[in-house]
Each structure stands twice: as C-alpha cells, then as structure tokens.
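Asker: Got a structure here, written out as structure tokens. Questions coming.
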Amino acid sequence: MAGSRLPRQLFLQGVAAVFMFAFASLYTQIPGLYGPEGILPARRTLRPQGKGRWQQLWDTPTLLWEAPRLGLDTAQGLELLSLLGALLALGALLLRPLRHPLVYLLLWAAYLSACQVGQVFLYFQWDSLLLETGFLAVLVAPLRQPPQGKQAPQGGSAGASPHEALPFWLVRWLLFRLMFASGVVKLTSRCPAWWGLTALTYHYETQCLPTPAAWLAHHLPVWLHKLGVVATFLIEIAVPPLFFAPIRRLRLAAFYSQVLLQVLIVITGNYNFFNLLTLVLTTALLDDQHLAAQPGHGRRKKMPTSWPKALLASLSLLLELAVCGLLAYGTVHCFGLEVDWQQRTIHSRTTFTFHQFSQWLKTVTLPTMWLGAASLTWELLAALWRWTQVRGWLQKLSAAVQLSIFGTATVSLFVISLVPYSYMEPGTHGRLWAGAHRLFGAVEHLQLANSYGLFRRMTGLGGRPEVVLEGSYDGHHWTEIEFMYKPGNVSRSPPVVVPHQPRLDWQMWFAALGPHTHSPWFTSLVLRLLQGKEPVIRLLQSHVARYPFHEQPPTYVRAQRYKYWFSQPGEQG
C-alpha cells in the first residue's frame, strides 16, 4: 500500500495557503466591519461577566480577551491577530520546518478568536470548515520533520512514526461528510429547482458574486444544465462512498471527479477560499505513488507472476467495472436519461419521489457511519502493524505513547463528528449513542465538528433580487452608491475576486432575500453612510474618490430592491 507522506505535506501547505488568504482578506475589512466607526463594532461583543479568567476563555474562546493588556481595543487586537496569522500562514506555506503542530494550533486559535467576535460577517459555512480543517492540521502536522529525500521501505518516509497517517484519515472523513451532506440537503429541502433538475438554469445568474464565465455558462442549452445537475448529484451523493474504497483506482477516480466539480465552481463563481479549501481536502484521496514519490514505479511495474496476485488483480478489475456499471445504471435509472439522436440532446428527469428518497436516506445514513467506522478500524490496525515494525525498545515505547494519544484523538473526533453529520436524517440522529451527544455538546463551541449543506435551496427563481443604495442631498435627485464587487451598475461586467471574500457584499446578497428586519446590521450600515465614516466607505470603494459622496455625506440614503437578469447574447451591457 502506497504511503501518504507527500499528500500530507500538500495538505499542510494547502491549509496554510487558505489561512493566509482568509486572514489577509479579513484584515483589510476589519476597520469598516468591526472598528469603532464600523458597522458592528467588535468591542460590544466581549463583555466581562464576572467569571474567572479561564472560565471566561472557555465559554468564549478568543485570544482577544487579552487585547486590553496590550493596550489595544478589540478591533485593534483583531487586526493584530489577522496580520500575524497571515504572516505565520505564509511562513508555513513556504518553509517546511514551520509546518509544525504548534504553528497550526496558533493559526486555528487565531481564526477561532476572530470568529467569536465576527458576528454575522463570519457566520459562513466555509469559516466553520476552515476551523475544522485547521484543527485536523494540528494533528496531521508531524512533531518532527523527517529528512528530505530519504525513503523507507513500502513508500513510507524515513523516521516516520506509526501514527502519522492516522489523523490524515479524518480529512477524508471530513471531505465525505461535506460532499455527501451537500448533495443530500439539496433534495431534503424539497427545492423545486433541484428536484426539477433546473437549478443550474438559475444558479449562475442568482449566485452571490458571479464571474464573467458565469454569463457564458448561463446561456448553455437547458438540457445541458439539467445534465449538469445530474452530474452534481452523482459527484456529491454517489461518489463519496468511494473515498473509502480499498481499490486505489476507485479512490483516484473519486478524487478527479471532486476536483472537476470544484474547478468548475471556481471558474463560474466567486466563492472566496471555499473551493480552494475543498480542493485541499481532496489530497486525502491521494498517495505517494500517484504524486511520483516513487519515480518510474508505475511505468515499470510488470504484471504479477504469482497466481494469487494475478487473481487479486483480476478481482479488483472486476470490482472496478462493477462499481462503474452500477453508477452508470443508477444514474440512468434515477434520472431517466434518454438520448434524442434527432435533436442531439440528452433528456433527464427525476424518477423517484421525495418519500422514496427519504426512505433511502433513512436506510443509508447509519451504514455510512459504519462504513466510516470500518475504514477507521482498518487504519488503526495498519498503524498497529507499523508499530510492530519499530525497532528498539525506547523507540517502540515512544511510538506506543504517540499512537495511543493520536489514536484516541482520532477516534474521539470521529465520534463527535457523527452528531452534526446525522442532522440530515433526524431518525438516525435520535438513535445515536448518548455519549456521542455529550462529547459533542462539551466541545461544540470550539467548532471541532460541524454540519454542512451548501446550496440547499435555489434563490431568485423569478429574477435575481438586489438591494441598491442611493444617496441624495435634497431628497429629489438620487445617486446610486455602487459597491466594488456585487452587481449594481448593469453596464459593468462581473469581477473575479477569488480568494478574497468581500463580506459586506455577501451579506447584501442575503439581505435582498428577505425583509430588512432579517438583517439588523443593515440599519447600522445606512447610519455610517449618513455619517460619512471612511472605514465603511472603503468597504464599498477602496478608492474613496470614486464614492459619489466623498466630499460631503448624503442627507438622505434609501434602499430599493430590484430584479436583475443576465443580458442576452448580442445585447450591449
């Protein structure tokens, strides 16, 4: 079995890169979002309640409690944390010795600290995903970096500890939970666009921050959009169980399917660091052999000569063909795929009912947990076998202690993760072991395990709702207040902002979906614009001179909701 030394290093580099993007993006927005003159001043979130220092830190785990000791207010402390986090993440990205558990623990603690005071602007699923992934990086990072270039037998790295591949399995389990739940919630939400396979005919136009490529994708034929929805369900629901397949070609096929989906999303939508982080998680499906840790190994490999190996290879090939055939049959059967040779199209429709899907979900949710448990058990046994190969009683004792600690941590995190994973099926959630619920409840505020479910419902089916702000000096002549990133001016093409997340622009998208009472921060935004506060203005326009009221604040500000649609091919604008 090929080792996972290179995938682990790639994972650690990827996590460092995402932390760097997240901290740097947040740093530029702190004055306008959380400063004394910002929309939601951070100082209001941390109020001492007479508790002891450590109890206060446990209840609200943020290093910003210590900001006053440094002579800083909460927003200044947040800026310092973000700046140091970005620099530390850059160091871990570039310098191998900095890929140490302590470094990733500091990055995780810093981002958790920011989320505790971030309020609605840091309540996104990818923030939770980054925290969970960051904590796994603490366990995956080696305590001692092995010498570069040395290889141990069977693909392991020289001097590697038996436990090192064990926490990396949790990354694969996290990827499974993320993708499987994201696929399931699209159907459990009863969204007519997902059930009718028409979601992509709206998605590119109505997503928060489309890219220029989204306009092109939006004008693809409807039958191709529907086929894209079918492919999404296949990749998110049917393929993830293959993450635990014993045959590596099936795992690699699963890897490339996930990469394809994420790359297409990156091209057509500005989802900040989310898709990059998901791509980082997919490294758990790779191995050293695939990443050329053993040059020429795959090219020069000869056919097995002994009959047991030949038989095993034949059975593996038959199993691969059976899995591919089952996926193909299931897709055709569940979505009624039919080829229309005259029109050169593929017709598709959902052939199962909500009740049938609910029954299927009840049937498979618990077995997927057992699948994870069986895969983890195999990893534990493999780690024990590697421990038996350690020579020297002192080295064996040290390896045993490390294996016990990291094995316990891995099993505990797996058990904790079962609770949020089971949210998608209430019946299974209620039958979970009570100890798992107690464990999860004890550490829930640390966000070590979270529930996921992206693109649950398709919005803007009757046109993209968009809130447009306008200012005036006399209440009669109004001037639009443009944002740098969100749609406003119909003559401007959508921008590309990945991996930056303009958090105010994102919240403006959510604000357009409901009444203003659902977005209490919006009143504060309007007030800051009436006051002419520069930190908030810079969230809208980084160059203040482009802000129409930069010389004098407007007397009046109003918000109007419009419906937006992409232009048709051939139209101007």
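Just so you know, glycine gets a Cβ as well, placed from its N, Cα and C.
Sequence annotations record features per position, and here TrEMBL assigns transmembrane segment to 12-30, 75-95, 102-126, 166-185, 227-247, 259-286, 307-329, 369-387, 399-423. Per TrEMBL, domain 'Lipase maturation factor 1/2 N-terminal' is recorded for 123-292. Residues annotated as domain 'Lipase maturation factor 1/2 C-terminal' in TrEMBL: 448-571.
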Asker: Taking 3+ C-beta pairs under 8 angstroms (sequence gap of 6 or more) as contact, is the transmembrane segment (102-126) in contact with the transmembrane segment (307-329)?
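Answerer: No, the transmembrane segment (102-126) does not contact the transmembrane segment (307-329).
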Asker: So which residues does the transmembrane segment (227-247) touch in its own chain, when a touch means Cβ under 8 Å and the partner is 6 or more beyond its ends?
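Answerer: Contacts of the transmembrane segment (227-247) (Cβ under 8 Å, skipping residues fewer than 6 from its ends): 172, 175-176, 179-180, 182-184, 186-187, 194, 197-200, 253-254, 257-258, 260-261, 284-285, 316, 319-320, 323, 327, 330-331, 335, 337, 346, 348, 368, 371-372, 374-375.
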Asker: Considering only Cβ pairs under 8 Å, which range in 12-30, 259-286, 307-329, 369-387, 399-423 makes the most contacts with the transmembrane segment (166-185)?
Answerer: 399-423
Asker: Over the span of the domain 'Lipase maturation factor 1/2 N-terminal' (123-292), how high is the average pLDDT in this prediction?
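Answerer: Summing pLDDT over the domain 'Lipase maturation factor 1/2 N-terminal' (123-292) and dividing by its length gives 92.
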Asker: Six or more residues beyond either end and a Cβ under 8 Å away: which residues meet both conditions relative to the transmembrane segment (12-30)?
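Answerer: Those are 38, 75, 78-79, 82-83, 85-86, 89-90, 92-93, 99, 104, 107, 110-111, 114, 121-122, 127, 130, 133-134, 137, 140-141, 272-273, 276-277, 279-280, 283, 499-504, 539, in sequence order.
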Asker: Please list, for the domain 'Lipase maturation factor 1/2 C-terminal' (448-571), how many residues fall into helix, strand and coil according to DSSP.
Answerer: 33 helix, 21 strand, 70 coil
Asker: Other than its close neighbours in sequence, what residues sit by the transmembrane segment (399-423), given a CB gap under 8 Å and a spacing of at least six beyond its ends?
Answerer: 136, 139, 143, 161-163, 166-167, 169-170, 173-174, 177, 181, 365, 369, 372-373, 376, 380, 383-384, 387, 390, 429, 432-433, 435-437, 439-440, 443, 448-451
